[in-house]
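S.K.: I grabbed these lines from TrEMBL:
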DOMAIN    1-364  domain 'Major facilitator superfamily (MFS) profile'
TRANSMEM  33-53  transmembrane segment
TRANSMEM  65-84  transmembrane segment
TRANSMEM  90-111  transmembrane segment
TRANSMEM  123-145  transmembrane segment
TRANSMEM  151-170  transmembrane segment
TRANSMEM  191-211  transmembrane segment
TRANSMEM  223-245  transmembrane segment
TRANSMEM  257-275  transmembrane segment
TRANSMEM  281-301  transmembrane segment
TRANSMEM  313-332  transmembrane segment
TRANSMEM  338-360  transmembrane segment
Amino acid sequence: MISTLGINTPLSIVGIISQIAEYFNTSIAISGLYVSSFTFTIAICGLFIPVLFSRYERKRTFISILAVFAISNIVIIFTKSIYIASFFRILSAVFYPAFISIALTVCEDIAPNGQGQDYITKILLGISVGSIIGLPITTGLGTIFGYQVAMTWIFSINFITLILIILFFPRIEGKSKSYEMPFSSLRTKEFILATVGIIMMPIGASIVYNYQPLFLQVVSHVYTYKLSIFLFIYGLFSIFGTWIGGKLIAKRDKATLIIFQLVCGGVFVLLYLFANHLIPVIILILTFGVLDGMGYNLIQYIEASVVPESPELANGIFLSILNGGIAIGGFLVDGFGIMSIFIFGALFLLIAFIMMFYVIRIMKIPLKYS
């Protein structure tokens, strides 16, 4: 869990886009591309990098990847060229899917019988903490002290994680030999429809999540340290959501997968209707925080269910879907104004609901805990 927290902190710079633009003396649009390059790269590399790394010894793999992150972050801290910074940010993102996917696979392998989802949830909690708790901390440091201080904080977390892995993580051998990619599973109607359905969820959620700080500033007039404090509280609610999501998946997987889309979409509609009323907005955004945390479990679970013969591939697809959704969601809202985030978010979640209902109730795809 701690290792995934450390490797996810680079995702948290979404809150300091204006500081990035100022530091590199470039436009907001270019800074946005710099930030989203990480998620776009993960979305592409998640489809094949985890399988390529599955044969190697786990501890050595983790150390190598964290070393790449640490070196890249040192360069990013001191360079004044956004092109050099982008290269090293993309380089880190290439190896990110291998780290998370193997961590998820190892946790499920070492879990006692019947506790696999609990162990997976711990890894997903690390992802949640790194990307969501990291957001207010990075935003606060970047807003008050500037871009370099924010990136130094990210490097520090990466470096501490590297030391902990070196000292405490045991040697675990990789797969004795590489195996064929299960392309037959990827061509099935069940896989295609389930994947199309589930990717609509992170697109819908990320439209709101990525533009949430801007909405709070422009519409709700929440600024500076108040914004960071609120985003930190949001992160705590999201961590709780990741934990409760794992419990619900293990007990009522089908109902959770279907109902989630309607509940989250309903929250977005209410946010649109009550956008000018601060107290309802706070309550609804914190509710979304819980749902946002649950989403990690739902995406990973559905992919693990439709590609059971290759956990590394399933976890890689999970990362591709999650980060592809974040990247796509950020671009969709650019030309439509801040209030459109809730309309777009609800629309994509409605599509996700229809697709998941069809796949689970009509096609009756087998799920891991059903």
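Yeah, the Cβs are placed from backbone N, Cα and C, and that goes for glycine too.
Automatic prediction, not curation, is the source of TrEMBL annotations.
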S.K.: If we skip the immediate neighbours and take only residues 6+ beyond the ends of the transmembrane segment (257-275), which ones have a Cβ under 8 Å from one of its Cβ atoms?
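M.R.: Distant Cβ neighbours of the transmembrane segment (257-275) are 201, 204-205, 208, 215, 219-220, 281, 284-285, 287-288, 291, 294-295, 298, 301-302, 339, 342-343, 345-346, 349-350, 352-353, 356-357, 360-361.
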S.K.: Please figure out which one of 33-53, 65-84, 223-245, 281-301, 338-360 racks up the most CB pairs under 8 Å against the transmembrane segment (191-211).
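M.R.: The stretch I would name here is 338-360.
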S.K.: Can you work out which residues elsewhere in the same chain, 6+ from the ends of the transmembrane segment (338-360), have a Cβ less than 8 Å from its Cβ atoms?
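M.R.: Long-range Cβ neighbours of the transmembrane segment (338-360): 190, 193-194, 196-198, 200-201, 203-205, 207-208, 211, 214-215, 218-219, 254, 257-258, 261-262, 264-266, 268-269, 271-272, 275, 302, 329, 332, 367.
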